[in-house]
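Since the structure comes first, as structure tokens, the remarks are kept for the end.
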């Protein structure tokens, strides 16, 4: 029996009988037009999740910082080891509750204990990415997972204000990391799948601007609340996330591409109608004879990862992307985490690093359609590595030059990260795209997990931090040579379609 579900398609042509049926990507573009106001509003609303992602990622720079202290007796000097001084001979410059270090008396605790909350957060990001990533490609979809992840992150952040010791605090930071793990991935994939090919890269960059905005609001919130409890900062960042989650639930549309791949055609058509532009050339007609080259894989929970590993070409692409992003992650997280070791004002240091992401987003936005993915990644990872190593060499002669080189290195790492996400979107088809992108982000977090240790060791020998950062990102960036170029290619929806298109475009697909 023919399927009578209506679909927006281009007008029939008698000559089409001998032609290849249009791809799902082409069909959706003809139906909704390449870009319109409804799609723009959807993209902005979805991408705004990156604001809260950034806030929770870097909030520990302020809440877990060790405050400055001063002597209160003649038996104390400013160069003394605080752990060897009598308790009544010194005092914190700020109230005790401005940081978890001063409130819970962790100033003499081991580096493992001090770094436990941050480590727990990153561990939660890793485990959350592994457990939740494939749900966006299978059972839940992009929208529902984005909603649930934001809700988990917001409530865990809100409950953090009730912590009364480092152990409860670290446990809640772990849950916070689990919730945060898939937010950026879902937001990026969902926003780009709602638009046509021409605007996909630019829409993806909206999320990067939102992440920069979230990063910038942190020093502003922290400065406004300086002298207040560290719990206030969690309150300021968690409550708005709860309201945002409600907006996502009621106003965000699910990806029509994902709905089609999952066989939910009626819902897909409803979504297409709601975001179609007035000038689109589509009309309603039956698609009983229309074929999109159905995927032969049965994509259920976690099977997306199995698909990626089973296909040799997909496994090679995934491992190569993860290797490149691992190096980027060491610099991307290592630079902000190392700000506490610098002699600069903490608020200004974080602001400068956050501002470095803004030109990185602008470069990506304006040049993403003009530059090859491979060449761009290779240049920015190499430049980041060189500047990171040079910052070690010049650090003894000029502090200003050292800070400038660190900012250039961080800027290049941010730009490389932005391009790598867009590159990953184009390397994998719809049925596994969210899972592949999530694995790439987990590799970024995995690289970041080594950064706190290197920053601590590098407090005495800077080469062991910034020197290693530069070497790793430079070496890992070379792996991009093994990947195919994707600029200007049509996005694919199934593994079979990706293999077919890659073969016709002479791309190296094996297996």
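Glycine too: its Cβ is placed from the backbone N, Cα and C atoms.
Among the features that TrEMBL reports, compositional bias 'Polar residues' is placed at 12-21.
Summarising the annotation, TrEMBL assigns domain 'Major facilitator superfamily (MFS) profile' to 39-488.
The region 'Disordered' annotation in TrEMBL covers 1-23.
The annotation transmembrane segment is assigned in TrEMBL to 115-133 (among others).
What TrEMBL records for 145-168 (among others) is transmembrane segment.
Annotated transmembrane segment per TrEMBL: 174-191 (among others), in sequence order. Residues 42-43, 46-47, 49-50, 52-53, 56-57, 120-129, 131-133, 136, 142-143, 145-146, 149-154, 156-157, 160, 203-204, 206-207, 211, 252, 254-255, 421, 425, 433-434, 437-438, 441-442, 445 of the same chain lie 6+ residues outside the transmembrane segment (174-191) yet bring a C-beta within less than 8 angstroms of a C-beta in it.
With a cut-off of 8 Å between Cβ atoms, the residues of this chain six or more beyond the transmembrane segment (203-221) that come close are 39, 43-44, 47-55, 58-59, 61-62, 184, 187-188, 191-192, 194-195, 233, 236-237, 347-348, 350-351, 353-355, 357-358, 360-361, 364-365, 368, 418, 421-422, 425. The transmembrane segment annotation in TrEMBL covers 203-221 (among others).
Beyond the transmembrane segment (233-252), the same-chain residues lying 6 or more positions past its ends with a Cβ under 8 Å from any Cβ of the stretch are 42, 45-46, 48-49, 52, 55-56, 59, 62-63, 143, 146-147, 150-151, 153-155, 157-158, 160-161, 190, 218, 221-222, 225. Residues or ranges marked as transmembrane segment by TrEMBL: 233-252 (among others).
Residues annotated as transmembrane segment in TrEMBL: 318-335 (among others).
Per TrEMBL, the feature transmembrane segment maps to 347-368 (among others).
Residues annotated as transmembrane segment in TrEMBL: 377-395 (among others).
Beyond its flanks by at least six residues, the transmembrane segment (407-428) meets 188-189, 192, 200-201, 204-205, 208, 308, 314, 317-318, 321, 324-325, 328, 331-332, 335-336, 352-353, 356-357, 359-361, 363-364, 368, 373, 376-377, 380-381, 383-385, 387-388, 391, 436-437, 440-441, 444, 466, 469-470, 473, 477, 483-484, 486-487, 489, 491, 498 of its own chain at Cβ-Cβ distances under 8 Å. According to TrEMBL, the feature transmembrane segment maps to 407-428 (among others).
What TrEMBL lists as transmembrane segment is 440-457 (among others).
Per TrEMBL, the feature transmembrane segment maps to 463-483 (among others).
Sequence-distant contacts of the transmembrane segment (115-133) (same chain, at least 6 residues past either end, Cβ-Cβ under 8 Å): 56, 60, 64, 100, 145, 149, 166, 169-171, 173-182, 185, 305, 337, 434-435, 438-439, 441-442, 445-446, 448-449, 452, 456. The transmembrane segment (440-457) and the transmembrane segment (318-335) are in contact, since at least 3 Cβ pairs between them lie under 8 Å (pairs 6 or more apart in sequence). Residues of the same chain lying 6 or more positions beyond the ends of the transmembrane segment (347-368) and with a Cβ under 8 Å from any Cβ of it are 58, 61-62, 201-202, 205, 208-209, 211-212, 215-216, 218-219, 222-223, 335-336, 339, 376, 403, 407, 410-412, 414-415, 418-419, 422. Remote same-chain partners of the transmembrane segment (463-483), defined as residues 6 or more beyond its termini with a Cβ less than 8 Å from a stretch Cβ, comprise 316-317, 320-321, 323-324, 326-328, 330-331, 334-335, 338, 373-374, 377-378, 380-382, 384-389, 391-392, 406, 409, 413, 416, 423, 427, 447, 451, 454-455, 457.
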